[in-house]
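Per TrEMBL, these features apply:
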type     : residues                                                    : note
BINDING  : 87-93, 115-117, 380, 406-408, 489-491                       : GTP binding site
BINDING  : 88, 115                                                     : Mg(2+) binding site
BINDING  : 88, 89, 90, 91, 113, 114, 115, 116, 205, 219, 299, 314, 378 : IMP binding site
ACT_SITE : 88                                                          : active site, proton acceptor
ACT_SITE : 116                                                         : active site, proton donor
ACT_SITE : 216                                                         : active site
BINDING  : 374, 375, 376, 377, 378, 379, 380                           : substrate binding site
């Protein structure tokens, strides 16, 4: 099998071009000014709280030796953007912006269950699922790593949609030969599995992710590289389909189905061939050449198969460990990891959600934040920011900084809650995010209440121009979590970002 490098990939000039500097004017990013606030604590079942302000210092200090703009260009050679919560935090937007400073943007896990919405310079909306969010930056190579499960009909639909909107994909997307193929029947099995679980259903996107990863783990999956061997492909596919038919009575398998799928994938194999590469070799070759690589995570830490609210999780590792296993790079090369967190919390599907709000606040967050799934269109469950879960996520991933998104959604609230600690039903403090579901379902959340700013901040591009109350909210989160917030989202557009 041919090993690709920057010299052998079509249009390699796109890859070897030096990363371009952002055209954003430095003057719109003023230096950080430290402020703080003291908050009263209440329990989740208490009534209306009060707030008292003071001038306690923030944990984040002014960056020395340059302004905040310099931070973008100083990100590590291999950096990552990962979700802190239950997904849908807005990772795609940050990846799209940072891609201007990187040669490669790579996906390391998940599949088409990821929904990343980004906007181009003209404000046109793109909803991506498999293609990395760096695709709108014309000098960026996009890599779909070995840890991703790839649904080819969906991938080609995305590519066709991008091309029809003037976004060139030729020579700019590589798919790992080690990535596993996700077939339509995986999606059918996903739905059958959810129906079988009845009231205990997981709440998956029904994109076939779990069944595909299951086949991978029990070692009868089919990989992208298998498309190069159509003499053995039918037997492998027959094994997969027969296994599904034996497991689910509602899955009807016939020789005609196999024959049609084989013919279909012969066509896909021909079209995919220019995209297939040994991405482990390519990515490590780029690292040796000092190229800059940005890793884009799908889903988020609280959906991690090991660290999330199991079993109400995804089937991959969207935390930092998944970067190494999903791309084949060594842990020692990882540098800056940026955690993306909403200014409040949402989740889709079933599972514990300690700070979920079932009243007017939850409804207002859903409507103001347009909280409906990019992949499924389902309304998201909404609640206040869970600091306990955020600290847990920061601990697992070792984030160097955070991107706080959708701060503008909180603009209509006169008071804003932060879930700062947990207590068991007997009042005993819970020191960290528990793995036991029963504990999660029964615990009480202690909240701090901060004053809202009740003004539109969506046009603000300077941290110093944010209302005092908005700054206090940001800085209180930094103080509680111990990780600086370097990026603040105040709207969906590319430019609606404050660098702090």
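From the backbone N, Cα and C atoms, a Cβ is placed for every residue, glycine too.
For the residue listed as 'active site', the same-chain residues 6+ apart in sequence whose C-beta sits under 8 angstroms from its C-beta are 149, 180. Of all the binding-site residues in the record (113, 299, 377, 380), the one with the smallest CA separation from residue 87 (GTP binding site) is 299. In terms of Cα distance, the recorded positions that sit within 10 Å of residue 93 (GTP binding site) are 116, chosen from 113, 116, 377, 378.
Annotation: no binding-site residues among 117, 379, 380, 407, 490 have CA atoms within 10 angstroms of the CA of residue 299 (IMP binding site). Counting neighbouring Cβ atoms within 10 Å of each of the binding-site residues (113, 117, 299), the lowest count belongs to 117. For residue 407 (GTP binding site), other Cβ atoms within 10 Å of its Cβ number 25. In this structure, of the recorded positions 93, 116, 378, 380, the smallest number of CB atoms within 10 A of the CB marks 378.
In the structure as shown, the Cβ atom of residue 379 (substrate binding site) sits within 10 Å of 14 other Cβ atoms.
There are 21 other Cβ atoms within 10 Å of the Cβ belonging to residue 115 (Mg(2+) binding site).
If you compare Cα positions, residue 115 (Mg(2+) binding site) sits closest to 377 out of the binding-site residues 377, 379, 380.
Sequence-distant contacts of residue 490 (GTP binding site), defined by Cβ-Cβ distance under 8 angstroms and a gap of at least six in the same chain, are 407, 408, 457, 458, 459, 460, 496, 497, 498.
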